[in-house]
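Residues annotated as transmembrane segment in TrEMBL: 125-151, 171-196, 287-311, 317-337, 374-395, 415-436, 506-524, 530-549, 561-586. Taken from TrEMBL, the feature domain 'CBS' covers 645-703, 755-818.
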Amino acid sequence: MNIVEEGRVGGIWEEEACGQAPVWAHSSINHDPQLHHQHGNEADAEALTIPNDASSSPRDKSGLRRPLLQRKNTLLPDSSYSVEKHQAMVGANVSPIESLDYELIENELFRQDWRSRTKHEILQYVFLKWTFVFLLGVLTGLVGFGINMGVENIAGAKFLATTKFMATRGFIPSFLLYAGSNAVLILISSLLCVYISPAAAGSGIPEVKAYLNGVDAPNIFSPKTLIVKVLGCICTVSGGLIVGKEGPLVHVGSCLASILGQGGSKKYHLTWKWLRHFKNDRDRRDLVTCGSAAGVAAAFRAPVGGVLFALEEVTSWWRGPLLWRAFFTTAVVLVVVRTSMAWCKGGTCGYFGEGGLIIFDVEGVKSEYGLLELFPVIVLGTIGGVLGSLFNSLNAKFVVFFGGVLNKRWPSAKVLQAVLIALLTATISFLVPWYAECRPCPEQKVGVFPVGAECPTHGRAANFKGFHCPPGTYNDLANLFFNTNDDATRNLFSIGTRGEFRKSSLLIYLASSYFLAVITYGIAVPSGLFVPAILCGATYGRLVGMIMGPIAGENSLDEGVYALLGAASFLGGSMRMTVSLCIILLELTNNLRMLPLIMFVLLVSKTVGDSFNDAVFDIHVMLKGFPFLDAHPEPFMRHLTAKEAVSGPPVTFNAVEKVRTVVEVLRTTSHNGFPVLEENGAYLCGLVLRSHIMVLLEKRKFLPRLDDSYYEEGIHLSSADFAKPGSGKRMKSKIENLVLSQEEQEMYLDLRYLTNTSPYTVVETMSLAKAFTLFRQLGLRHMCVIPRKPRPTEGCPIVGILTRHDFMPGYLHSMHPHLRG
């Protein structure tokens, strides 16, 4: 995916100063993706300006010709809509990736709605907010339960059928059944992702992070993406790949939130007027944030951890009231999931009982520890930081190699790649335990073999799997390989099973799962990274626990506790989260005494990992080509000013402009924001959006001539005319499809009542680092750069416009090569 923020058009003007009448010499829209990547911007074309028709735009101090900044009356009819629905009315179809607009557009329409709000409308809006998050919690909980039930039933049927074949038909038929079923499941999942909804591939967390950072990529939250994500996740996880469903559940929750915020579907006549309040980026962003928290709560049954995950990992902006709604959402999710699982205890859900969710209950296990245990914790943190950062690097190289070599030459190679990896995973997970040595069942003893436990077992989930071993023996590698990833995690986390695994078995499983996780994450199937990280970390964690057992003797922590600490270390070393992971693991363990050890191992692993590379989700945001704004500016930005980041005067409009001129500019540029000038281009009065201009053009809200009578009559439009479509959707209105008569082209557009008269501005001498901080913290789409000194008679009152693209390090380095390194 190319980074095409807003597009740029090349043109040559004989005169560049704002307010002059330049002669158009050449115009061409450049469609070269590389050129867009290097030079694309909403407002820094090569010295483009818009001609001021002095003969047809006389100014005076009253009526239609009165400057916008001096007006007090309104052009709009009374409206009963509340203010919140106008918080983001933007979205022109100009580029593959656009920016979201979280800024309040304070134009005349906004002020009219602000004045006309009633208490009833305010209460209705607040009630709808809480109703939406309640529905979001219920839906996410039900979908998460459905995914778990589907995975457990499909995987259970597959494992039981394979076990039956092993007992009756031998090695080859059972292997063909096992590998073939896995290949078919992954084939279905990859076909759905490649040919129906490519946005559903992967975990979805990079897409959610990018959206909440202000990036509006196509179709990332569409209903089609949601359906493919759910079905693909069930097929992928039950197909035996080293992936999890936790990341996809975050994406699923965000999809549900975005769809709820769209207010129904006009296509199928399912739109409701009372949902119009949420058709803007600002409210939809809050819903998506709650949806991401709900996804984590559904995956781990960790409501507090879900809220902290949304706060720490995926959101770029956070508001106080959002905390309450996110927490309420996760609480609803927890109630729905637990109620659904309780309903399945009676066997009404097939093979799904209490399984399907990773729960490690260490209540009652020995949790006393001293200084001796701190040394292995430091070792685990260091191992997690090194292996986690190495995983990030190797996985990125693998994704780049296959994305750059195979997929571009043969798109169907994505499907073939997924199926081949599925066959490789099935081969390893079947052949390795088949040729492993069987071990005798241990004697029932507290701390070694729980009293009442069965050995060997031939069911789907157990600690001592018989696999193909004779009676009285079990296969410790089958406990890990021939299992779902969640059940393998439970076996690694199990307490009171000291000596269940051999050290060599854990080393084999660690190498295999690490390698498979590296080559699997990022292929064209829905896949999460939490479970692979937990599996790898828990494996070497339990191995460290086996080594520490003889050293510490009876005072040693249980091997399952070391597995938990190892899982925390790999998660911290790869994902670089601390607070949210700590609370999630704490809610899983049900033991507050484990908090200090978990905190310590996370801090060590994150510190070690940060010294090598970025977090895995940040790397994949970059690999997907999203123009993501980091939390802090790059150090070299302090050597640049805001003026040096723009390349020339922007495209501008007069407050009252001829229709022909407006249409010509919209057709020859792809900018989404245009400064509006008054007094013959001497003063900047605000910024108008392309999407708003398109509404005026499509509804033919023209002025036949410059006459005060038309001004007094007003132009009747409501906020519903400017409602933002769903996330990632492209507005159907295109300037190329607009057909105007010759008479209409000679009319005028009054842009003043749609002009945002209070755009965010910075002085041209401001440090680019400070401008970056303001831009990101406020969630802006456009930032006006104005001269240090007023110069109404010398030139344009605006130096340029900064957009998201202008802060991209690659773009700045291309403009200022001396700053590299």
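Note that Cβ sites are derived from N, Cα and C of the backbone, with glycine treated the same way.
Highest Cβ contact count with the transmembrane segment (374-395) among the listed stretches 125-151, 317-337, 506-524, 561-586 falls to 561-586 (criterion: pairs under 8 Å). As a summary of secondary structure, the domain 'CBS' (645-703) carries 20 helix, 19 strand, 20 coil according to DSSP. Remark: the transmembrane segment (317-337) makes no contact with the transmembrane segment (506-524), by the rule of 3 or more CB pairs under 8 A. The DSSP breakdown of the domain 'CBS' (755-818), given as helix, strand and coil counts, is 24 helix, 12 strand, 28 coil. Here the transmembrane segment (171-196) sits against the transmembrane segment (415-436); at least 3 CB pairs are under 8 Å, leaving out pairs fewer than 6 apart in sequence. Contact count against the transmembrane segment (506-524) (Cβ pairs under 8 Å) is highest for 530-549, out of 287-311, 415-436, 530-549.
Here the transmembrane segment (530-549) touches the transmembrane segment (561-586). Their Cβ atoms form 3 or more pairs under 8 Å, with each pair 6 or more residues apart.
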